[in-house]
There are 2 protein chains.
Amino acid sequence: MKNAKLQAFIPLFYLVWSDDLLTQKEFVTLKEFIKSQKKLSVEEQEYLLSKVDISNPPSRNELTQWKSDIEANIKDKSSIKSIFDIAVALSEKDLDISALESDFTKLENDLGILGEEVIQNFKTKSDSLTANSQTTNSFDIQQLTSILNGKEAPIINRVKSIISKPEFAYETSTDINIYRQTVYKWCKILAEENLGNMAYPKQYGGGENIADYFAVMETLSYHDLSLVIKFGVQFGLWGMSVQSLGTEKHYAKYLKDIGSLKLPGCFAMTETHHGSNVKGLETTATYNHNNQTFTIHTPNKNAQKEYIGNAAVHGQMATVFAKLIIDGHDYGVNAFVVGLRDANGNILNGVTIGDCGHKMGLNGVDNGTISFDNVVIPKENMLDRFASVNDKGEFESPIPSDNRRFFTMLGTLVGGRIGIPRSALSAAKSGLTIAIRYSDQRRQFGPEGGSEVPILNYRIHQRRLLPHLAKIYAVHFALQYLTNRFLNRTEAEMQEIEALAAGLKSYSTWSTRDILQECREACGGKGYLSENRIDALKNDTEIYTTFEGDNTVLMQLTAKNRLSEFRKSFGEMGSFGIINYVYENAKTAITEKNPIATRRTEDEHLLDGEFHLQAFIHREKTILASAAKRIKRLIDDGLDTYDAFNVVQHQMIDVSQAYLERVVLEQFQIAVKAVEDLKTKEILTKLSQLYALSQLEKNKAWFLEDGYMEAVKTKAIRKMVNQLCWDIRPDALALVNAFDIPESCLSAPISKL
Amino acid sequence: MKNAKLQAFIPLFYLVWSDDLLTQKEFVTLKEFIKSQKKLSVEEQEYLLSKVDISNPPSRNELTQWKSDIEANIKDKSSIKSIFDIAVALSEKDLDISALESDFTKLENDLGILGEEVIQNFKTKSDSLTANSQTTNSFDIQQLTSILNGKEAPIINRVKSIISKPEFAYETSTDINIYRQTVYKWCKILAEENLGNMAYPKQYGGGENIADYFAVMETLSYHDLSLVIKFGVQFGLWGMSVQSLGTEKHYAKYLKDIGSLKLPGCFAMTETHHGSNVKGLETTATYNHNNQTFTIHTPNKNAQKEYIGNAAVHGQMATVFAKLIIDGHDYGVNAFVVGLRDANGNILNGVTIGDCGHKMGLNGVDNGTISFDNVVIPKENMLDRFASVNDKGEFESPIPSDNRRFFTMLGTLVGGRIGIPRSALSAAKSGLTIAIRYSDQRRQFGPEGGSEVPILNYRIHQRRLLPHLAKIYAVHFALQYLTNRFLNRTEAEMQEIEALAAGLKSYSTWSTRDILQECREACGGKGYLSENRIDALKNDTEIYTTFEGDNTVLMQLTAKNRLSEFRKSFGEMGSFGIINYVYENAKTAITEKNPIATRRTEDEHLLDGEFHLQAFIHREKTILASAAKRIKRLIDDGLDTYDAFNVVQHQMIDVSQAYLERVVLEQFQIAVKAVEDLKTKEILTKLSQLYALSQLEKNKAWFLEDGYMEAVKTKAIRKMVNQLCWDIRPDALALVNAFDIPESCLSAPISKL
């Protein structure tokens with residue numbers, strides 16, 4: 001029973017017995033199809049039906065034979081497009097079969113099979129588009145590294161060479177006592193290298209170089225992050241609080257020993273019940289005029305200092321924030337230097353230390369709690385740059401308002417909000433380097449008959465990682481900008497810079513959180529093994545979104561600053577003024593908002609940096625005005641200011657977000673413009689386009705609601721983001737290698753090239 | 001120099017010296033203002049100017065005096081709305097001042113001050129709206145718990161009482177050897193309680209109750225997740241693989257000992273180079289007809305079994321997946337039982353075990369690697385339900401296609417993709433219980449002069465947590481639905497159920513990831529301390545998005561299933577067919593898409609469950625058709641199927657997402673409809689509305705692009721989400737307490753009520 005007509009049915013047999021998507025229902029469909037073929041004899045029909053009897057499957061050998069028959073017959077025949085075409089090929093000599101074409105087509109449809117797809121499964125090919133995308137690099141990696149490092153290159157390279165030494169091998173013990181000691185030992189080495197006192201005045205042994213200090217923090221962050229935080233607590237928080245809030249006598253007494261780590265100390269601000277709302281803290285410093293001392297006291301359990309780095313084990317002194325009380329009057333929060341332990345590590349009388357114990361991360365840092373039971377300190381221990389008690393026992397300050405004095409004090413500590421986001425960005429760079437290197441080598445799945453394909457060739461994988469790569473570059477330049485603004489600040493700019501720092505701290509640390517999350521998942525099971533370091537990077541930076549100011553609270557601060565700037569620029573703050581502003585803004589946007597612009601989708605336009613920036617600016621301005629208008633209306637309607645701000649909290653986050661995105665894009669574009677080398681400029685331009693367009697895509701609902709873009713344009717942007725990912729993919733490896741992270745720091749086995 | 005006219009300037013002095021937003025520029029503005037007041041004498045001007053001399057600030061006492069003067073004068077005067085009004089109040093008797101009104105207004109504008117805001121800062125009040133929102137419960141908690149537990153309540157309560165016993169106190173050692181032994185000990189206790197063998201046939205000592213087995217997994221997940229995974233590896237993966245892939249002889253030989261944990265074992269499928277693409281694994285099982293054995297062999301380092309739970313320490317046997325080779329022919333992946341250790345724990349000859357070492361989480365599970373060096377096993381160790389070698393040494397199988405056989409084998413293991421999402425959901429419930437309890441008690445900030453406010457009263461905090469609460473309830477019912485579908489499955493439904501399980505596994509585990517992330521941040525520093533358990537919950541569930549199938553890969557599978565279902569339902573798969581479908585779909589959507597519907601914003605409509613479901617369905621159908629159309633077009637244009645699917649990967653995720661969201665909402669609505677108690681029904685209805693609207697908000701860009709909604713509507717939805725959060729907030733505590741998680745399991749100090 002073998003004739004050419006029957007051969008025509010082989011592809012159908014093969015399909016029903018092999019396709020993993022067809023089910024019992026399809027057997028029934030096929031049987032009915034066979035029965036309906038009037039040109040077949042009863043004998044032929046019975047033979048065919050016996051081949052689709054679910055209780056009597058063909059042997060595996062028979063199935064394999066069918067497959068090779070089909071493959072042999074369709075080989076190199078590009079004209080074959082449907083199952084019927086295969087049937088024809090298998091039954092070449094039987095011309096009769098042509099009458100069956102429409103029946104076959106109907107059957108294909110009934111079975112829900114896509115002919116072309118089936119055919120391709122029979123063809124062996126290894127050179128699909130997807131498989132062929134390959135790593136190359138279109139630019140000089142070292143040049144890009146130089147651009148990233150800028151003039152900090154010497155100190156960056158020095159730090160890299162130090163942390164690459166054998167004594168900086170990662171601690172692998174899970175015992176936090178061992179880990180804490182290792183980190184302390186590392187800090188001592190860094191102090192010996194004069195890295196800790198980098199920012200202190202030269203007369204106290206320091207390097208008097210704040211720019212270098214930030215670069216040190218950033219570069220150390222390629223290594224263990226407990227080290228970075230312990231280092232930052234000692235030399236940044238503890239040392240800088242003495243330097244910023246104290247006066248000459250404190251510098252002379254403490255700075256040298258702090259810088260050499262002879263005097264380990266703490267920054268004791270946060271209390272159990274007062275973290276974000278530091279102004280409400282309850283520890284008291286009561287002035288005793290009779291003996292010229294202060295009594296530091298913790299009035300209740302929830303006023304204990306908590307999460308204090310260096311407290312649980314090493315700290316000998318602390319800058320303690322407490323409410324100053326003179327003669328029963330509360331003069332607001334001030335800072336005092338208070339002893340915790342003697343030089344041998346014995347805890348002093350009246351001081352109680354607790355251990356915060358095991359944490360999600362940063363277990364090399366000895367966070368603890370501190371309580372004071374009427375601890376007496378000499379008068380000169382008050383850090384008295386902004387307030388003091390005079391000889392008559394009276395309060396004195398150049399800043400009469402407690403509130404403003406407090407914020408001025410905090411303002412001097414803004415450096416932390418620059419160091420932390422830069423540290424966070426380094427962690428993101430490490431994570432993405434590991435993930436991209438792995439994705440470039442890890443192969444999984446592939447075209448039928450071809451070999452497996454690097455997972456970075458998959459569009460979805462590119463989508464997961466490459467917009468993050470663009471974002472890291474963008475944030476890098478934004479943080480350089482923030483640092484420069486801070487280093488060259490004038491008094492008048494301070495509030496703006498503080499708001500920018502608060503905002504970029506949030507933006508950068510949230511970005512790191514998202515990037516490391518994606519890296520973990522993109523590396524699958526390998527990303528879960530501690531040896532590959534994403535574990536530590538992720539868990540250590542997890543708290544970055546909370547410390548140095550909770551991000552959500554900081555975003556509200558930044559938004560409030562934007563609102564106040566807005567009010568100053570647009571005088572009349574009545575509803576009329578805002579409406580006027582909105583109207584003016586709408587007018588300037590009118591060229592961008594005409595039907596042609598809102599629908600433009602040609603590549604040149606979509607990739608135009610000017611278009612990107614204008615769109616970001618439009619969003620920033622419109623959201624700001626709309627928030628101002630809403631608050632005004634709520635208050636006009638009789639709501640408390642406090643309640644009104646509560647109602648718009650969600651919108652305030654958008655105000656900050658839109659502002660920060662504009663700053664980040666603007667600074668990225670400015671940085672790219674300054675690049676001279678053409679190849680480098682080209683790849684950075686692509687990254688800035690990808691950053692801009694992926695943000696526009698993320699915010700597309702807003703642009704559609706606003707009418708700034710129409711659907712045709714937002715859809716085109718989505719496609720362009722995909723295309724840019726595909727175009728950047730070959731350079732992805734070179735782009736992470738340009739971060740130039742020491743191999744010993746990356747350490748992850750999956751990151752080995 | 002004190003007259004009423006000068007008193008009028010006090011509020012201005014106070015503002016410039018106290019407001020932390022005003023800067024030097026404002027001093028200049030104010031000085032100019034004073035100089036421009038022609039009605040003042042030179043002497044008066046000089047006096048006033050002396051009060052705004054930046055080099056000579058007022059004393060703190062003077063500032064305090066100004067403040068109390070202002071406060072005393074405006075107390076209880078609700079008519080005071082601007083700084084000028086204060087000025088008037090302070091200079092009551094001097095009628096002259098009225099002439100200054102417009103000057104003052106201009107000054108307010110120049111300074112960027114909002115009068116109402118300033119006034120409120122002088123008024124002491126503690127009863128703002130925000131401060132007054134309080135925890136109550138509008139429904140009976142126990143009734144809701146009963147609804148959640150359903151008919152599994154008895155086993156759930158039994159498991160809860162077991163894990164609340166003292167011997168289940170959490171292991172706090174960071175030594176993984178100690179932790180692994182503790183978890184093993186816990187598993188033994190559970191085996192003794194007959195919980196491990198819950199799903200096995202009664203004749204082998206089991207409980208023959210799969211529904212209860214899932215409930216056990218889910219309830220154990222309130223406790224340590226290493227325990228859950230170790231339990232799942234032993235009784236689920238190892239035991240169920242024997243039960244699902246083996247035959248009578250294997251049941252008789254192994255099941256009882258597996259169920260009692262006398263025979264600890266592994267599920268050895270994943271290899272270093274083959275995780276997602278399991279079909280490509282390289283371990284071989286070569287049949288030796290001469291002595292009726294198989295030789296299990298690891299051909300290269302990357303073909304070692306990796307991440308295998310129970311392997312590093314406890315496993316004595318393993319179900320090993322390997323390519324069956326007979327006479328040099330490859331018969332695809334099959335499963336074999338292979339010994340690893342003897343009963344004393346000595347590793348057998350030819351077996352090499354590695355230890356995966358420390359992981360991001362789940363460190364109580366001993367994951368390891370396994371390599372085989374020509375290990376010989378008897379023929380009967382082949383798990384031969386779907387394929388076997390006959391007496392003649394020939395391959396035999398009721399499923400001739402290797403591919404289909406493989407997927408059929410995997411299909412029998414789908415239970416894991418039900419157990420894991422249910423476990424993930426329990427972890428999310430624990431995390432959210434901790435975070436909501438803490439947020440209800442933790443106070444920070446507050447209205448001027450009032451006490452601090454529970455942070456859950458802040459809109460942004462509600463936004464962060466309450467949509468997640470709604471989602472947890474929604475997913476709970478969807479997973480009950482999935483479980484029921486699985487328990488009552490017919491052969492014909494299997495592919496759909498597998499796709500649903502793959503999808504909901506992804507949906508649930510990604511939700512858990514997001515929820516725990518938010519919980520960590522919402523709890524601030526407390527959320528970072530290991531004692532509060534978010535650490536463990538987060539890090540343990542981190543890998544849930546990878547194991548039992550990488551979520552991104554699973555979402556592609558689910559989408560492919562949807563496409564194939566789509567093809568079957570809409571016969572003609574030519575472009576014409578799809579266009580037809582799209583057209584038909586558009587027609588049915590026409591009533592919903594008319595200009596009135598797309599702009600409807602009244603509360604009743606926005607809260608209407610029917611509107612929600614229709615919108616979800618419209619989205620699901622449209623995205624599916626559009627993906628089908630796109631793939632068809634790409635292939636028509638000459639792209640390989642493989643490449644075409646690569647191009648649309650991003651869209652495929654949307655296909656699955658839209659499908660899953662529809663299923664989740666639909667099942668939530670069905671569950672709510674079945675509730676009889678009115679109070680319970682009311683709160684669940686609110687949660688289903690919040691789930692629906694927050695998903696619509698998340699997807700609003702799509703709805704705007706599609707034209708299904710206009711901006712006015714999406715904006716109204718955003719507001720309604722805020723409103724629902726506010727409305728649900730008083731019940732939030734009761735809603736997490738209804739999860740009824742044992743206090744000993746929650747354990748977090750911050751969750752104590």
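Each residue, glycine too, has its Cβ placed from N, Cα and C.
In the predicted model, the domain 'Acyl-CoA dehydrogenase/oxidase N-terminal' (A:186-259) has a mean pLDDT of 97. What TrEMBL records for A:186-259 is domain 'Acyl-CoA dehydrogenase/oxidase N-terminal'.
Under the heading domain 'Acyl-CoA oxidase/dehydrogenase middle', TrEMBL lists A:266-375.
Summarising the annotation, TrEMBL assigns domain 'Acyl-CoA oxidase C-alpha1' to A:411-560.
If you look up TrEMBL, you'll see A:613-751 marked as domain 'Acyl-CoA oxidase C-terminal'.
At the 8 Å Cβ threshold, with sequence separation of at least 6, the domain 'Acyl-CoA oxidase C-terminal' (A:613-751) comes into contact with the domain 'Acyl-CoA dehydrogenase/oxidase N-terminal' (A:186-259) through 3 or more pairs. Helix first, then strand, then coil: DSSP counts for the domain 'Acyl-CoA dehydrogenase/oxidase N-terminal' (A:186-259) stand at 54 helix, 0 strand, 20 coil. Helix, strand and coil counts from DSSP across the domain 'Acyl-CoA oxidase C-terminal' (A:613-751) read 118 helix, 0 strand, 21 coil. Using DSSP to sort the residues of the domain 'Acyl-CoA oxidase C-alpha1' (A:411-560) gives these counts of helix, strand and coil: 122 helix, 3 strand, 25 coil.
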